[in-house]
Amino acid sequence: MKLLLFALRRPLTIMVLVASMALFSYLVVKRMAIDIFPNLGLPAIYVAQPYGGMDPAQMEAHLVSFYEYHFLYITGIEHVESKSIQGAALMKLFFHPDTDMDQALAQTVAYVNRSRAFMPPGTVPPFISRFDAGSVPVGYLVFKSQSRSLKEIQDLALFRVRPMFSAVPGVSAPPPFGGTARTIVIKVNPERLRAFGMSPEEVVQAVRTGNMLMPAGNVRIGELAYLTPVNSVVENITELEHLPIRLGAGPTVFLKDVGTVEDGEDIVTSYAMVNGRRTVYIPVTKRADASTMAVVDRIKASLPTFRDSVPDDIQISFEFDQSTYVTNAVKAVVVESVLGAVLTGLVVWLFLRSWRSSVIVVMTIPFALLSAVVALWATGQTINIMTLGGLALAVGILVDESTVTIENVHAHLSRGKSLGRAVKDSRGEVVMPLLLSMLSILAVFLPSFFMSGVAKALFVPLALAVGFAMAASYILSTTLVPVLAVWLLGGHPKAEGRGGPTMPAWYINALNWTLSHKGLVLIGYMLLSMAIVVGFGSRLGLDIFPRVDTGQFQLRILAPDGTRVERTELLTKEILETIKQEIGPERINISLGFVGVHPSSYPVNTLYMWSSGPHEAVLLVALKRGSDVSLEQVKERLREILPKRFPGTRYTFESGDIVTQVMSMGSPTPIEIAMSGPNMEANRAYAERVREELSHLSAIRDLRFGQPLDYPTLAVRVDRVRAGQLGVTAGEVARAVVSATSSTRFVEPIYWHDPQSGRAYQVQVEIPQSEFQSVQDMLNLPVMLEGGRGPLLRDVAEVIPGTSIGEYARYNMQRMVTIVANVTGEDLGRAAEHIEVALNRVGPPPKGVRVDVRGQIAPMKEMFVNLQLGLALALLTIFLLLAASFQSWRSALVVLLTTPAVLMGVVLGLELFGTTLNIQSFLGAIMATGVAVANAILLVSFAEHHRRQGLSSLEAAREGAGSRARPILMTGLAMMAGMLPMALGVMEGGEQVAPLGQAVIGGLLFATVSSLLILPAVYAILEKRGGIQSPSLDPDDPTSIHYEPSHVTVPS
């Protein structure tokens, strides 16, 4: 009441404070970070380890195993996953929720350093990075040129543009994708080598000694200290051609006699494509604490600077902007807030027939939202999909207190009171019930603060948004609304007001009937609620987030294992053309592609896109805005067409939007099943049985193994005895084979620096790949020759064609085989149930084999357990809060019995809209419960007031319902009207939050009917035997049953 008196006595102060808050909120919004997610604090760390040339088994045994052994000592570690392919390994460290990730990162670095002491010479430090929402690119910086080679574009992107990112706050980016590093390539001719009686190793040694990097010395002569640089490294690469390889008897053999020197590029392992053409692009990522919107805006603003740093014939553009996700969410909240406010005002006008009253109610909405934004900023929150969801949810709730206040003003005016007195008395009458109502609504969000992990990170910002908005609404309804009511309704209440809270005859008759058959009504209400919730609730599907048509999709293409990258690129282009024909080229905005594997020189790139070999490619296709294309239909059509046109090729549609990628914690598909254990053969055998069983499920798509298990090999088996007789060791044979087939980059690092740019580039000796047309060409490889005679590879080894595992995956040091799949035609929850049934049909796994169902299923189950527990705790909290306020267990139970109606309405609403039970719809159910309880509190408060004045519980229920029916109906309809734009998803991307509005409308519709008709009957039954005495135990309290009126206290 003090706040109300202050507002009525100092109205100008209130207006100044409100205006100041509005102005300050404008400044806050301009500075507040706008992001897609709140700070999730994902408990994961990625470690990317390169070692050029090592095969998957060597990477696993000699590097990964040592890391995994030590990582299990890290505090809070939950499990470690790893993938090992040729030349690279990626390890994922997952921690228990609420682990101190800063400490975990420090321990990871420490154990990495310790592990490297056990590893082969030449092992370089790995890249270590936390996995968070910033690990997923917010867009791509694309470089295109009609005249320049990929090597030139790569060099310019890497050394000119990428360093400029450091001047853009919050931006992070890996090295470019798709280009090949500039390399000084010495290509030797095997025929020329044999003609001169030489081996590739002699060329390597000549290049190493003739182009050796050595530090400069100093000579001190007189007063000067001179530098003494020696041209041990050639200044011009053409000088390498004149390096002598063999001296002594006979003619001198120079490098140019057996090969060529080119300013070329490294052996190609990957290509990047834009719209089917080779190019280079840089994925743009951000720091975890940076704003997505700010990062994207800064990158776009920096584009002119980037373009100025490269030649004019190179075009630079920013594509696949993920910030549109949050931009659409902001626009949706603004538009839905405006529409909701207009519809709310219309509902108020229909009941009160006072446009001034409608204006007062509507005016509180923007001020409450802006106040909530300021409070979110003060608590370190950002504008993201969760806080925006909270604000959108609050739009419908904010009208509750203002509507009740205005309606009560009209009710008091109808009794003949003056305007000022009516405003003061009406607000004083409802100030405590509304406070209790607000606390009850806020109580439903209290459990979110006791959640853990990702669930807590997601729901706390939403809870804060709703809480701050409601607190602001309560303060405004106590201050601004009374002031505006006196100013705007002055002189007009009788002209515009509709009079007292009279209700239509049909409601009075319906209320009398329910009160006359209250026992039957209560039994029927409970049975109907149970039947609908159980019957229809079991039909609702489960998802983490609503499925949204983002207008883009990602397709992973898998040619037969071991297919050359050039053939995979050609295949990818043909598939892209097929996609264009199917969708229509005019509907495609842009396509981005990556073919092959990242070179070992850029291991950090594996953090952003993993590929198992040259046979893999990834296509990201974005449709033009407004395209009338259903992505799900397109995917199903492509699943039919592609296997027929390209037999032997496998396909997987992967998460194309940033929300799904982050929530999948790095899993490529929603379904991932891992079989792990010490026996790889047993893992694979059981995985084959699981895959066969899953193939019979109608909703499963893109079913395949997650790694290549039959990668083609040409195994070189050295006969050590024969080799020793010919003076060759197994190590020398291996060195010769690696140098010839993969260049000397991996066995003999040699460098040359460009004096013009000051950058160092690798020098490598290789035999052109075109020289190897058959296994016989490998067998004719000279290993070591002396005096013109010596062994060829065929003399000391045999080459055996075969297959091996192309990627070793492990779980807590146990090898594993994974199965990945998509789901189409049913929700994730039902798919999880069918998968569980299929696994049961397969039977228990062999001893030592562990089966884990992962992907989105595990986080979905964990999240819904948290949500269900949260709802139960919320109801318990509300019950205890009500009992403490009413000082009656019965009254608290009466209010809480509105919950079955809410659940019944939510279930039917979701069923009607065809929506699954997901985070958004569950939050809508929780919020509808809170609002329903708030309305019930008003009715029970007034009924209790009449009962304590001497009326029976039946009459008190009738009076409470009659006096509170109009405000309950007004607030219910106003909130439903306010949520209607959200429920219909009228804005682009509106389907993301539509289930929230649908759940609220369904729950409130049934809760409103229940409050008006069922609740009075429940009250009359439960309070029939309750007395009117106070529960007070104080013998001096006249309302207490322990009151002693004759007792006189004697002074001491």
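Residue numbers in this text run from 1 along the chain shown.
Here the Cβ of each residue, glycine as well, is placed from N, Cα and C on the backbone.
Look at TrEMBL and you will find 12-29, 332-352, 359-379, 385-409, 430-450, 462-489, 520-542, 863-884, 891-910, 922-943, 968-987, 999-1022 tagged as transmembrane segment. Look at TrEMBL and you will find 1030-1052 tagged as region 'Disordered'.
For the transmembrane segment (863-884), the residues of the chain that approach it from at least six positions outside its boundaries are 436, 439-440, 443-448, 450-452, 454-455, 459, 542, 544, 891-893, 895-896, 899, 919, 922, 925-926, 929-930, 933, 937, judged by C-beta separation under 8 angstroms.
Here the transmembrane segment (891-910) sits apart from the transmembrane segment (430-450); fewer than 3 CB pairs are under 8 Å, leaving out pairs fewer than 6 apart in sequence. Within the same chain, residues 393, 396, 507, 510-511, 514-515, 517-519, 521-522, 525, 890-891, 893-894, 897-898, 900-910, 912, 915, 920-925, 927-929, 931-932, 935-936, 939-940, 943, 953-954, 956-958, 960-961, 965, 968-969, 972-973, 975-976, 979-980, 983 sit at least 6 positions outside the transmembrane segment (999-1022) and bring their C-beta atoms closer than 8 Å to a C-beta of that stretch. By the Cβ criterion (distance under 8 Å, sequence gap of 6 or more), the transmembrane segment (968-987) is not counted as touching the transmembrane segment (462-489), fewer than 3 such pairs being found. If one looks beyond the transmembrane segment (922-943) by at least 6 residues along the same chain, the residues whose Cβ comes under 8 Å of a Cβ in the stretch are 389, 393, 397, 400, 404, 430, 432-434, 436-438, 440-445, 459, 462, 466, 864, 867, 870-871, 874-875, 878, 882, 886, 891, 894-896, 898-899, 901-903, 905-906, 956-957, 959-961, 963-964, 967-968, 971-972, 975, 995-1000, 1002-1004, 1007-1008, 1010-1011, 1015-1016, 1019, 1023.
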